[in-house]
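Right, one structure below, let's go through it.
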Amino acid sequence: MPSATLSSVPTLVVQRSLFESDPAPWELDAAERRRVASIVLVEGLDKPLDYLAPDRFADKGKPEIYLEPGRRVRVPLGRGNRSVTGYCVEVGIKEVGSRPLKEVLAVVDSERLVSAPMLRLTRWMADYYLCNWGQALEAVVPAGVRARAGTREVLLLHVPTAVAARISSIDVTDTQRRILETLAASPKPLAIKQLAGRAGCTVAPINVLRKQGLIAEHTERVDVGDALEHDVARELPKQLNPDQARAYAAIEAALDSGKQRTILLHGVTGSGKTEVYLQAVEKVVSFGRQAIVLVPEISLTPQTVRRFAARFDRIAVLHSHQSDVERRRHWRRIASGEVQVVVGARSAVFSPAKNLGLIVIDEEHEATFKQDTAPRYHARTVAQRRSEDEGVPLVLASATPSLDAWWETQTGQSELVEMPRRVANRPMPAVRTIDLREERDRRGPRGAISRVLYQGMREALSDGGQVILLLNRRGFSTHVQCPRCGFALKCPHCDVALTFHRADHVALCHWCDFRAEPPSACPDCQNPGILYVGVGTQKLEDEVRARFAEHKVLRMDADAMRKPGSHDTALEAFRRGEAQILLGTQMIAKGLDFPNVTLVGVVSADTAIHWPDFRASEKTFQLVTQVAGRTGRSDRGGRVLVQTFDPEHPAIAAATRHDFARFADGELPERKALLYPPFGSLVRIVARGDARDPIEAVLTATAERLRSQAGESDLRITGPGPAPLARLRGKFRFNLLVRSADRDRLHALIRDAMGRAKLPKAVEWIADVDPVDML
Ligand SMILES: Nc1ncnc2c1ncn2[C@@H]1O[C@H](COP(=O)(O)OP(=O)(O)OP(=O)(O)O)[C@@H](O)[C@H]1O
Ligand SMILES: [Zn+2]
């Protein structure tokens, strides 16, 4: 009887009401009706705690200390009454028993930070993502807003009324009298420096007056003002082509319906998806409502922002490379209702738009929409929930939709709109694979660029075109290895090979940043011929520079793009034709629209294919299709050359035909057989610690508990076993994969099993719901 077992477990109640338990009879006797605030602590307990809300916090006339849901408070906790911060989630008159409640100490925020819809959303997130409500609340309000970045406390002075009435008769120096007269004449309180300036004196005599009590003072928080200007030329909406018009009509119908609907805009690369949703946003704005547009962090370059700024008067931008001050400024403008469109990365899904009309997620398949620290939310899932809660449409756009979003269109949960053609009837670029197995057998001098690719580059460049080369591996070599004894240089803290970076002359761990001096001979057998094997972007750059000496080359990867703004600088230089060859990691593969690129070369299509990740094929398909889509975007045409050891691989074969449906049709049955998403929900539990045995033991016990609780349900459990990245930053890692077609039940079972486990001190663990990172 699985359901009986389930409901008997108190922690499994998914929708908890805040005041769920009726008071016990003996408490009712002494019951009294009092104002009670429910407080969710930022750290620790998940359950809201009740505190008495003193009357001084109930006065709407004192907005700075008015206690309402969505503001933070300080409350005493535990025996020692340690003062801790929490979020007020409800205030109401409530029967309190004889058990004395503690009082709220202070109201931290002078305004509401979390709106009622956001309180509901965070409560849902805590249930769905198996995290604490406090963690979810903290994710919704940017740190800069919580810390009031960009504001400062200023000391303001005024003359008390009693003093002002008799300034001429007070016994002070002439300077002091002038100070008092100046201050009394000012309609607003003044800061010390302002007053000194106006009275033409130093601060010393002012301070004397303060001491004497002839000048009164108080502090206030003020904004450090700076204006955000997007000085760009206005752009008019484009005339939509028939495919675009159809797509727009579908979104318009959803907007007009006034109901929640999810639309997947699946359009091939270069089909003009952006124009469609820009016009939909224009419509929303024309009703006086707000839109949120989420884009992957990587494409949040000034270029994207300018595109929005050219179409809308008042936009706000939110992403992780902003300072706290900037983020807070944008956030407050959104909250004030002044902003029409919010453009932002993942966390912009929490924008405090009051009158939301539409949410758009561009490149919805991108992994950056998943947060990899608690709460481990996916912006698409959260956006779906928010759009349901607020009754607004959600538009997902991609040339390579996630199978998750795709499957929802196949099961009728969302609507599919296809844009199968490029704008201006441009053909899709022809893609040809280059079989590296044949190349390897035939090749003379070794290098990363095959003869065919080299020829292709030559032709494109001599015709005045530009070339994009993709290699999704940064660094110089991928490992440092001794050909004689097989020794490979590994990170002492992680289970991975070190990557040689020539510019800094270090062997670097890409996971923990461990750095070592690269050895000149094998540390094991002293062979001086140690090799730097495998090609990273740096080695590729060397090869390209050597073989195309007369052309300018730009490299874009995490190492080359460390400085803020370097991304945009590089792309603009390439756009202006200052370089002919752009090479880099996946950051050059997506969203770029350069008409002059007539050749895309994929140096290795296989970098992700053998990853221990059930999405390895999907990621490979997406990457190759997306980068292939960067060419043929003008009348100059374009083609794609893909180097691979496995040209028949279904992901690569489908990508060479720009054929998403074919890829999905091949991949979905495999997912179904193994109950992986989108057919099953997946939770990955990762445990880590200094020793293997206790980690494994905890996961084994958890797996057993899950099995016994699951009864006859379809729960499937893989593991526990070492995680693919079995050691990271010195810690051993094990994981357990649990999946089921019944999501709510899966989450409830895991919440329960983890809640009951006795975790040894030396073991830490997390539950990753709908994981994207499987390493
Ligand atoms: N109706 C139109 N008429 C003329 N040009 C258009 C039209 N719609 C879009 N374009 C142009 O076509 C190009 C491609 O559009 P856009 O970048 O929106 O495509 P996309 O579908 O988002 O592509 P990708 O998925 O590859 O990023 C852009 O330069 C855009 O300005
Ligand atoms: Zn490491």
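Residue 1 is the first one shown; counting continues down the chain.
Cβ coordinates are placed from backbone N, Cα and C, and glycine is handled just like the others.
Feature annotations, courtesy of TrEMBL:
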BINDING   CYS482, CYS485, CYS522, CYS525  Zn(2+) 1 binding site
BINDING   CYS491, CYS494, CYS509, CYS512  Zn(2+) 2 binding site
DOMAIN    254-419  domain 'Helicase ATP-binding'
DOMAIN    517-676  domain 'Helicase C-terminal'
Check the DSSP secondary structure of CYS485 (Zn(2+) 1 binding site), expressed as helix, strand or coil. coil
Which state, by DSSP, holds CYS522 (Zn(2+) 1 binding site): helix, strand or coil? coil
Residues that sit under 8 angstroms from CYS482 (Zn(2+) 1 binding site) by C-beta distance, when 6+ apart in the chain: ALA488, CYS522, ASP524, CYS525, ASN527, GLY529, ILE530, LEU531
Is CYS509 (Zn(2+) 2 binding site) helix, strand or coil when read with DSSP? coil
Around the Zn(2+) 2 site formed by CYS491, CYS494, CYS509, CYS512, which additional residues qualify by having Cβ within 8 Å of the site's Cβ center? PRO492, HIS493, VAL496, LEU498, HIS510, TRP511, ASP513, PHE514, LEU728, ARG729
Give the distance between the Cα atoms of CYS485 (Zn(2+) 1 binding site) and CYS494 (Zn(2+) 2 binding site), rounded to the nearest whole Å. 22
Within 8 Å of the Cβ centroid of CYS482, CYS485, CYS522, CYS525, the other same-chain residues by Cβ around the recorded Zn(2+) 1 site are PRO483, ARG484, GLY486, PHE487, PRO523, ASP524, GLN526, ASN527, ILE530
Sequence-ordered binding-site residues from CYS485, CYS491, CYS525 with Cβ under 6 Å of an atom of ligand 2: CYS491
